[in-house]
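Marked as transmembrane segment by TrEMBL: 6-24, 45-66, 72-91, 98-118, 138-156, 163-182, 202-222, 234-254, 260-283.
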């Protein structure tokens, strides 16, 4: 029942996030279409989307206290599929065959994830987190991760290599530490609320610091990737890298598949593969949209009216230029 609560909380939170993103997109489109441009933060609709986004992230955070990392993280695909279908209502987009195919694969993969996820105790005390932190598998994993991250950072900073794989690989390496810290912090807060105080241990504040720092750098590199590449490329690759690194960290740090049967592990990984494929199909089907404005706003050009047109008659000899050369 506890694990089911975590699953429902994670799914609902990711669905809420997809709704919030579509609301924010709708608010931006409304502001752009207005004759008088206003900052986005003056829009009540935009603030509504931000509020829902915050609630969704809080719900995701709480879900780690009830369900394993290897189950909560892949459920991020609910946000992708939810955004694809909700955009039909908010942004008046058309539903395509690729959306339906990708959605079917993602739902099937999610069902397999939930069915064959590891069933492990989710009440993690501060002492258990301390023991996991100094265990030799995690120490070896941390050393390897730090070495790989330093190599990637060297190529990124010194060699100016800003390939999408390099950027998102650094995001994924940071994300593995983020989910470990989030799981620990969420579990200790949950236990403290139930009456078993865990907030007096120093490990709690160490994990909070790790969570905040890794999340901040993660956002930095992800924003860099979004700036250089289209969302249709960043979203699926980031989802695959993020989910894979989170599952590996959950297996190594929290030993979530320690007593799982081979069939359960195989079906779980197969569910992940279907979810990855579904997200790739949905994301690849979305093209970058540009607002179609037939004429440039002449309101800020001296000597021209707001309703004026830059382009003269297309059949005239001066088509493509202003009516007067000196203007």
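The backbone N, Cα and C atoms fix where each Cβ goes, glycine too.
Automatic prediction, not curation, is the source of TrEMBL annotations.
What you see is a predicted model, and the numbers here were worked out from it, not measured in a lab.
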One stretch in 45-66, 138-156, 163-182, 202-222, 260-283 has more Cβ pairs under 8 Å to the transmembrane segment (98-118) than the rest, namely 260-283
When you scan the chain for residues with a C-beta under 8 Å from the transmembrane segment (45-66), skipping those not six or more beyond its ends, what do you find? 2-3, 5-7, 9-10, 12-17, 19-24, 26-28, 30, 72, 122, 179, 182-183, 186-187, 189-190
Would you kindly check 6-24, 163-182, 202-222, 234-254, 260-283 and say which stretch has the most C-beta pairs under 8 angstroms to the transmembrane segment (72-91)? 6-24
Is the number of Cβ-Cβ pairs under 8 Å between the transmembrane segment (234-254) and the transmembrane segment (6-24) three or more, considering only pairs separated by 6 or more positions? no
Counting only residues at least 6 beyond its ends, the same-chain positions whose CB falls under 8 A of a CB in the transmembrane segment (6-24) are 45-46, 48-53, 55-60, 62-67, 71-72, 75-80, 82-83, 86-87, 90-91, 114, 122
